[in-house]
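The active site annotation in TrEMBL covers 49, 262. Per TrEMBL, active site, nucleophile is recorded for 52. Sequence annotations record features per position, and here TrEMBL assigns site 'Linear diubiquitin binding' to 237.
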């Protein structure tokens, strides 16, 4: 059995184990980890399937959650699948994890269940006051494979909804963030329907999140995702923010990547950083 989120380990110890050689790449990685170690004491490895960007982001968001985000509180949040289906027939081709070929009538109910589960888990964990108990609750949730993957389905659907909103805003002449143009400038996702078919349906199966989709995830959650991109050490892309012009009131989660494909999480902020 694979742990979804491994126990924490000293960052520099982890780095020494992973990057022993004297190649330029190994030296750069060590420098990158040293820079992260100025801010965080430990690292937790994230299970490396194609959901790792979701897993790392959601785990970090939940483990520091103190309240339910406004978008999770809205009345019509759980009506999203029905509302979108009534306008966009093509959503019937949404691919549920391990349930290809299900008709969208049934899928609509299932996605609704996933959204309800997301709200319930977020609410429960955000109400836990003690940091240790909160951490234990997160660890427990990410050991329950059925629930964990249901939450990723909810996140994917929220990304689709956000993409539709951005696409429609742009079509009607309203201002949209730059990444939205990039998202729909790809040959494989020139509209939300293509985005669903060629990208969202494959996340977790045959691929993870691409860079531009990290922006979409950040917008869907209304979180700033800060990523230490270790292979970009000593360039101005070493610390990348998704989105790069975040809203001031969005909470921030921090991830680490060595290659923009797999993500781990830094934990335990160093004392002086907190002050």
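Cβ atoms are placed via backbone N, Cα and C, with glycine included.
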So residue 49 (active site), by the Cβ count within 10 Å over all chains shown, scores 14
When each of the recorded positions 52, 237, 262 is scored by other CB atoms within 10 A, the minimum falls on 237
Listed recorded positions 49, 52, 237; those within 10 A of residue 262 (active site), CA to CA, turn out to be 49, 52
Whole-Å Cα distance, residue 49 (active site) to residue 237 (site 'Linear diubiquitin binding'), is 25
